[in-house]
Amino acid sequence: MLAQAVGRIGLGLGTQSLPVVVNALRRFSSDGVDELKKALSELIPEQQERLKALKKNYGGKSLGEVTVDMAIGGMRGIPGMLWETSLLDPEEGIRFRGLSIPDLQAQLPSAVPGGQPIPEGLLWLLLTGKVPTKEQAASVTEELRERSHLGPHVLKVLNSLPDDAHPMSQLSVGVMALQSGSHFAAAYTRGTHKSKYWETVYEDSMDLIAKLPQLAAMIYRRTYKGGVQIHPHHTLDWAANLAYMMGYEDAGCHEMMRMYQTIHSDHEGGNVSAHTTHLVGSALSDPYLSYAAGMNGLAGPLHGLANQEVLRWLKDLTAKLGPHPEKDAVRKYVEDTLASGKVVPGYGHAVLRKTDPRYTCQREFAQKYMPDYPLFKLVSNLYEVVPEVLGKTGKIKNPWPNVDAHSGVLLQYYGITEENYYTVLFGVSRALGVLAQGVWSRALGLPIERPKSMTMGTLEKRFAAAAAAAPAAK
Ligand SMILES: CC(C)(COP(=O)(O)OP(=O)(O)OC[C@H]1O[C@@H](n2cnc3c(N)ncnc32)[C@H](O)[C@@H]1OP(=O)(O)O)[C@@H](O)C(=O)NCCC(=O)NCCS
């Protein structure tokens, strides 16, 4: 590991400044290749051969029929993308490189004995498909720490936004402020051979993942804590450092953040944030551009922003019905939500058909750390009422809770009460999955994405003509 130089930079905060790790020497020197990149580079040739064989042997096989309903219904159920880092089963939920959430908890290295996995271990797993040793996960922590420097312009850019800029807009703008440092964009301009694209995409992805906790904490502190920034802690792991820089030192909060950042990371490729990152990256837009685009999708209330919406909905429910509402009153509240033409946030899913295992994982955490917390009890009670009401509509395909139904409770318990910020924490985690896949997309040379669109007229003509040509039924 090359030596780190510790410097101080102004952040546009008058007399305040942050100590940062300045990493001027290690990038791209031949002996500076980090352990994870080395492991990845050894895997890439065999995976390239695997894809070649897949195309050669099965390229002409059909993956099924596409109906008009699917084309106009948000492409639901159309298999149309490769995504290596995770896979979603409608009944069982997510598996990260084949491992369920309980598997991750059992197998990935943790910061405390028997504790939650550290996301650095998950990143190793997502990139290599292999469970890292404790030392390998620690090497990722170290690598990210070395890359975590944020230039002083980032806070200046954020400070130029209106006071009421949503934290997700700040995240997107902050990431774009970092884009000028893209190694991939520079390498492309230099004319790098396409077989080398993945290398600078990896560098950008690691840089971005490293900087996100500081960026996210900066957004939190300038929005809610009067702009007083907290220096990174140079011995904490990536997720705990995020909580620490936000202003939370509680060991339970650090464990919660490790778990939170692990389980929100990836949910196969078709969801809006993952698909957007993938689509934009397929045009060879660099990881900053493609991840920022994905974050703008995550900021939608039917996707990641639902975690914010859940809290607003719960607060409104509590304001109207009190902190310990009767089940019948809750039932009526849910029915009123539906009758007013709104969705019940935190429930339903486009693919899942059972309770989201990410919900279950957070519930288990709450049972362990906050069993008597009133908001946890309320969320548990909702589980007994909401699915039944949603099920009665007859149209909602999955009446069960998703990840967003529970995450806010944990954050509230540890004092992170500003719900408009919650999607930023989701977004930091999502970087692990979408950027890891982005590295593989370039390593495998996946092409620019370009599905076919149709007009209503084309569909009408095509099927009206077929109906007219069909023999009349007797
Ligand atoms: C996630 C979600 C967008 C999936 O949408 P989908 O794949 O179209 O879901 P379905 O096929 O079950 O939708 C069928 C109908 O039920 C409705 N529906 C689904 N979930 C609903 C919910 N939680 N509350 C109210 N209505 C819901 C849909 O809006 C749709 O109504 P429409 O036919 O009038 O347009 C949807 O369940 C939702 O809006 N949930 C609430 C927001 C949320 O928690 N998002 C986070 C997801 S991780």
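Glycine too: its Cβ is placed from the backbone N, Cα and C atoms.
Taking a C-beta cut-off of under 8 angstroms and a sequence separation of 6 or more, H303 (active site) has the following same-chain neighbours: N271, V272, S273, G297. Among the features that TrEMBL reports, active site is placed at H303 (among others).
The feature active site is assigned by TrEMBL to H349 (among others). Counting only same-chain residues six or more apart in sequence, the Cβ atoms lying under 8 angstroms from the Cβ of H349 (active site) belong to D356, N398, W400, N402. In the three-state DSSP scheme, H349 (active site) is classed as coil.
Feature annotation from TrEMBL assigns active site to D404 (among others). All protein chains shown were included, and the count of other CB atoms within 10 Å of the CB of D404 (active site) stands at 27.
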